[in-house]
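Feature list (source: Swiss-Prot):
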CARBOHYD  N164  N-linked glycosylation site
CARBOHYD  N280  N-linked glycosylation site
CARBOHYD  N303  N-linked glycosylation site
CARBOHYD  N340  N-linked glycosylation site
CARBOHYD  N561  N-linked glycosylation site
SIGNAL    1-33  signal peptide
Amino acid sequence: MARTKILVFSSDSSLFLLSIFSFIFLNINGVDSTHRVFPELQSISAVDVKLVHRTGYHFQPQKHWINDPNGPMFYKGYYHLFYQYNPKGSVWGNIVWAHSVSKDLINWIALEPAIFPSKPFDQYGCWSGSATILPGNKPVILYTGIVSPDPENAQVQNYAVPANYSDPFLREWVKPDNNPLVGVHTENPSAFRDPTTAWFDGGHWKMLVGSSRKHRGIAYLYRSKDFKKWKRSPHPIHTKAETGMWECPDFYPVSPRSEDGLDNSKMGRGIKHVLKVSLNSTRYEYYTIGRYNRVRDFYVPDNTSVDGWAGLRYDYGNFYASKTFYDPIKKRRILWGWANESDSQIDDVQKGWAGIQLIPRRIWLDPSGRQLVQWPIEEVEGLRGSELHMRNQKLDMGVHVEVTGITAAQADVDATFSFKSLDKAESFDPEWINLDAQDVCDSMGSTIQGGLGPFGLLTLASKDLEEYTPVFFRIFKAEDQKLKVLMCSDAKRSSLAEGLYKPSFRGFVDVDLSDKKISLRSLIDNSVVESFGAQRKNLISSRVYPTLAIYNNAHLFVFNNGTEPITVDNLDAWSMNSPSEMN
């Protein structure tokens, strides 16, 4: 569970006190992407629900705080999404498992919370977990229960089952009396959480639970023959030094020969596995691709898969606590991820809501076998409205051209850029890999003249570019003549407002540019820019809060600030409508 706890006041009349505290605190410490932790306090009531930066087609409740996506699954004709939710305010606290259902992953109906503190084994909290479909099409939820108050927060692993299996909405859930399934971890009771979807192999059900010891990230493996009595394996399935607490682990098979997803219990020759962990100390995630030894219950990353902080990420931006599930209807694996706010806590209280789930993504193994690729689920295309098509638009150095005819504040933009030569690619310094993203994108940003790039999109831009969020590429050549593509999403000019967290996000990616083309798709939605770049291999999500580039005053441009001319071969853009139902 992505735990972000903050100030607690009992009524709206305390807002003035909170404002004073926030002013002092933010001026001393600044604002960060995950918000600060105040262990002595629990919740704040929302003052109002403000809409100016509210998303139009991303998943979010009508009001209040959300964080981790939990237990996604498909059951009796409906997709289910549970999520960590504060029903009493727009900051972390009072967490329950909220529950929504959908026929298409786009339109959502909110139901009553499915799981909330009510038993001794979860009386202090119901934190993140997963769903598993047992034989006979019977769903079960595994989740972390908190059995002691702050500061200990001792954690156990529980399960819940539907009260009525014939109800496709699964409105009511029961917590059997034989909980907890797994008791408090004696070595680190406050860092033992977020059970995975279980898989069946060798006569046993198996699941992972995230943990840490002496700053070593750990994924413990548990086995059960009946899903009721669980025993820990003598050794973790995998560990890694200097990575800290592993939150929200995810472990699943991928096919080396097909884009189709696989059920978690699917095993076979050639099948690889993905282990993803969310790093509590950095608020980023990384994943490895490797081999699962089913007999010894070991996972070994491939030698081409970096294991640790420098590992591959699903998303190099504002993306955390992700969870995948197998969709048996369309035979695909779908990825959910949470994007926190990048404004201040006082902003969240004033607007009355915080947090979104990013657009669900289909995810599969690249043919190289070295990384995953992702794409928005096809259902999102049903929201497309008015459209514009740009063809063969040349961009010389310093040129930006507006993309008109769509609502730029709420759009889907899919572009292919090309260039005639790679000769102007600048030399790549290997040390850049280790630099902070802000430093890389500052020194090689959208306004800094280069050779091959920077070029890309200026999203959520004001007419005269006082505000804009650039998403762009810059191409380098390493000593071995291999190309390195830098992709950035840079929020530092996204808003004239002060007191915001305006990070630069970046990712370097190896991509085949033999055809001298590179792709970029951005889903733009008022305060979020989700970008899929470099042939679906590099993804960056940003939260931004423009003051001028809002509603009909938002603009979209293509640009080039490199000496090598760029051509927009194809650009297809659509205004995006809102779903007919959103919680």
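Cβ coordinates come from backbone N, Cα and C, glycine included.
Note that this is a predicted model, so its numbers are computed, not measured.
Feature map: Swiss-Prot annotations on the structure.
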residue	record	CB count, 10 Å
N164	N-linked glycosylation site	12
N280	N-linked glycosylation site	22
N303	N-linked glycosylation site	8
N340	N-linked glycosylation site	26
N561	N-linked glycosylation site	23
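Counting in whole angstrom, N280 (N-linked glycosylation site) lies 37 from N561 (N-linked glycosylation site) by their C-alpha atoms. Note: the CA-CA distance between N303 (N-linked glycosylation site) and N340 (N-linked glycosylation site) rounds to 33 Å. Rounded to a whole number, the C-alpha distance linking N164 (N-linked glycosylation site) with N340 (N-linked glycosylation site) is 34 angstrom. Rounded to a whole value, the Cα-Cα separation of N340 (N-linked glycosylation site) and N561 (N-linked glycosylation site) is 31 Å. In the three-state DSSP scheme, N340 (N-linked glycosylation site) is classed as coil.
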